[in-house]
Amino acid sequence: MEMTEMTGVSLKRGALVVEDNDSGVPVEETKKQKLSECSLTKGQDGLQNDFLSISEDVPRPPDTVSTGKGGKNSEAQLEDEEEEEEDGLSEECEEEESESFADMMKHGLTEADVGITKFVSSHQGFSGILKERYSDFVVHEIGKDGRISHLNDLSIPVDEEDPSEDIFTVLTAEEKQRLEELQLFKNKETSVAIEVIEDTKEKRTIIHQAIKSLFPGLETKTEDREGKKYIVAYHAAGKKALANPRKHSWPKSRGSYCHFVLYKENKDTMDAINVLSKYLRVKPNIFSYMGTKDKRAITVQEIAVLKITAQRLAHLNKCLMNFKLGNFSYQKNPLKLGELQGNHFTVVLRNITGTDDQVQQAMNSLKEIGFINYYGMQRFGTTAVPTYQVGRAILQNSWTEVMDLILKPRSGAEKGYLVKCREEWAKTKDPTAALRKLPVKRCVEGQLLRGLSKYGMKNIVSAFGIIPRNNRLMYIHSYQSYVWNNMVSKRIEDYGLKPVPGDLVLKGATATYIEEDDVNNYSIHDVVMPLPGFDVIYPKHKIQEAYREMLTADNLDIDNMRHKIRDYSLSGAYRKIIIRPQNVSWEVVAYDDPKIPLFNTDVDNLEGKTPPVFASEGKYRALKMDFSLPPSTYATMAIREVLKMDTSIKNQTQLNTTWLR
């Protein structure tokens, strides 16, 4: 087993920013068609609610084994502006981002900047195009039962309580408007009466079901008025119904959570949840999931939602682009972060240059030895200010530096509205003025500026606290990951790929030292390294001193990782240094058209599409890889080991100046 240094072989990458649109229909026309088709659903579902804040460009923390006031008018104005926001970036902003992305990446990070410097295999590296199309990267979640999630059933579970499809068309737009105003207590009416034109029991039943399903919290009754039949809607529980409308209309015999498989293309999990929330008119926090999935990929994962019927969810399949919902079931419990067993990846590397022998050696090494379990580049952000630098400033209690790192102008091109916001901040130090430059205020910069407007420049800690907790913790987790990557590289450089006395292994969740007399009982796959914290132990060899020196250089005390603000105290965790993927398989295929898909997705299979057939020879060659990884493990680091090169976008941009043309 040999360990090799980084080589300078080029990794080409496709146009990451440009979305594929193979339908032949202009994107805008398709969007209008979909929105028109779905306007009925958007206007009739439940409550109008604020959405939870979502932060852009902050990497999410992987799971590890753990050890242990400004003016009122200004704040009101800011909140009013937020209410006017829609799905995020305007089309103008999206175009601006696309045009400037390559320039922005030139000022980003390389792998060496974050401690990623070693390989475990000795094969010769080769190049390939990663994610030329987002459909070349498919992620299937592995559930807590060990099964790989697939979308293969769009049917709705049989339930006598479920209303028919007619509930979506039986009410007029005016009736829906009146019912929504009643539901939300927007006027003084205590009831709404709807005349039954076709007085049949079936028609009355559908109207009853439509009101109860589409306007949770309302009850109905039938009344005779002057010889005519009316369905009368009213609040059975007063304003309590508004607080939890689903509580008053959900059958007791049915599990409270509808579980479903979400298939999505080119959208991350939180963005997808926000879209579903908007169409259903509910808060995002009624959804639960076991893990977040990245944007530029096709991903399949299980989601649970509180007291939303499978029928309402299935109706969204008619409305949403790049989403598909299916495999519905009712369960008693939600899903919890970290419950998944891992993810299964199907990855296509196009236009590979490696010979069949090189590919064989690379994939055999991945299968038999594995790869260094580095935290991937997405852990550290994509701009000129890495997230670990912000995390380090938080741990140092340097709050002015935290504010400056997030808000100051930075080198390299950036989204146009952010450039204007940063320039305004640098010029005026006025958070309200800078915030006005942001059309999207739910990014980290917008949230911090809101906090500064509310709490003032002398209370940066409280202002920073406006950012959602998980996103704040991303910064310090990024710093921990930065330290871990550097220390693992040094551990492998000093001791190679065999366990040595003083290394750490886990027994359950507890770390213990490898002693001289039992070193032969372990392999490198058992060895773990700590993320720095107050509740971990460090290797009992010279890597312990390397940890101490690195933290001391950053003005941090390795013996005192508790912070005066409890949220930012680091307990630490342990992480395996080498990961061996499971279910590894691969094939090299020949193809001529770089735009054709090289395998079927779940949706392709549902639609009955024939799997692609490959000729024995073609203009290009591609490597199709399948493998499963445990949670918090980065597939890009496995791909890096196969190709033997720097996977950072900065390096790819510098070595491939035409990759975005």
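Any Cβ shown, glycine's included, is placed from N, Cα and C.
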Among SER10, SER256, SER489, SER628, residue that the record in Swiss-Prot marks as phosphoserine: SER10
Candidate set SER23, SER127, SER329, residue annotated phosphoserine in Swiss-Prot: SER127
Rounded distance in angstrom between the Cα atoms of THR610 (phosphothreonine) and SER127 (phosphoserine): 30
Cα distance (Å, whole number) from ASP294 (active site, nucleophile) to SER127 (phosphoserine): 23
Segment-level pLDDT (mean, integer) for the domain 'TRUD' (370-580): 94
Among SER127, THR610, which are modified residues, the residue with the most C-beta atoms within 10 angstroms of its C-beta: SER127
Proximal but sequence-remote residues of the same chain as ASP294 (active site, nucleophile) (Cβ under 8 Å, at least 6 apart): VAL139, ASP268, GLN378
